[in-house]
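Peer 1: Per TrEMBL, transmembrane segment is recorded for 6-29, 36-64, 70-91, 112-136, 156-175, 207-226, 238-260. Taken from TrEMBL, the feature domain 'G-protein coupled receptors family 1 profile' covers 18-258.
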């Protein structure tokens, strides 16, 4: 057994377990039906599928060796991780809208916008996953292979370019969110003639949280995306594994950042597992900017 494949399988198992719990909680709790939790559920579903894809890839690689199965598994992983990254972008857009259009955020228009974003994200992700299956692969042309076999160089270049674009959009939106948060803190200071310590701490914590979210996302995916562009299929496979493994950790960290830190989800976990609270407990509606 290749130890790198074992680590990817272990990573996939942890990802699947973490995100399956989030999906179960959101499906179980009627109170978690707001657009924000729909987006978190989409992210958890995508990461759950990615974790299952890593497990299936390990099983099929050592049990059922077939070109067709290999293409299906790679396509499944591409679609799942693409949906995960796209869901992260949708969450970022939702957070921006909740601050930029705070007065009109809780409206039918926002719900329609969220559903449209998710439909587009999953549709594009599915198309990207189908490309290798439909013939954009290097099984019959080894010279066209990339560092991720059986994907072609042009295929991984497209995927990397899409990631860089999404990362830049998220970076821009989070900078705008920081500006809005700082502007709100300044307006509060003008109204109260000074900025209280609690407002300063809350503002600093909010900006730090955004930096951690974006930094984690970039640190996980940027090395693999860059290596897919500059790497050569003749390089040792260990380079591909060493950059791909940290990318999978992003799907392992996402539930902690976007789900388990949320008070409503924490309360629903207690209801689901030990019934410490009544099912009719009231939930305080929160904006994505609070999470």
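Using N, Cα and C of the backbone, Cβ positions are placed for all residues, glycine too.
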Peer 1: In the same chain, which residue numbers or ranges, 6 or more beyond the ends of the transmembrane segment (36-64), come under 8 angstroms Cβ to Cβ?
Peer 2: 1, 5-6, 8-9, 11-20, 22-23, 26-27, 70, 73-74, 76-77, 79-81, 83-84, 86-88, 90-91, 94, 98, 114-115, 118, 121-122, 125, 248, 251, 254-255, 258-259, 262, 264-265, 286-288, 291
Peer 1: Against which stretches of its own chain does the transmembrane segment (238-260) lie, if we need a Cβ under 8 Å and a gap of at least six residues from its ends?
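Peer 2: Answer is 4, 7-8, 11-12, 14-15, 18-19, 21-22, 25, 40, 43-44, 46-47, 50-51, 54, 81, 84, 88, 91, 147-148, 212-213, 216-217, 219-221, 223-224, 227, 231, 266, 291.
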Peer 1: Cβ under 8 Å to the transmembrane segment (70-91), counting only same-chain residues 6 or more beyond its ends: which ones?
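Peer 2: That would be 39-40, 42-43, 45-47, 49-50, 52-54, 56-57, 60-61, 114, 117-118, 121-122, 124-126, 128-133, 137, 139, 148, 150-151, 159, 162-163, 166, 169-170, 217, 221, 247, 250-251, 254, 258, 288.
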Peer 1: How does the model score the domain 'G-protein coupled receptors family 1 profile' (18-258) in terms of mean pLDDT?
Peer 2: 86
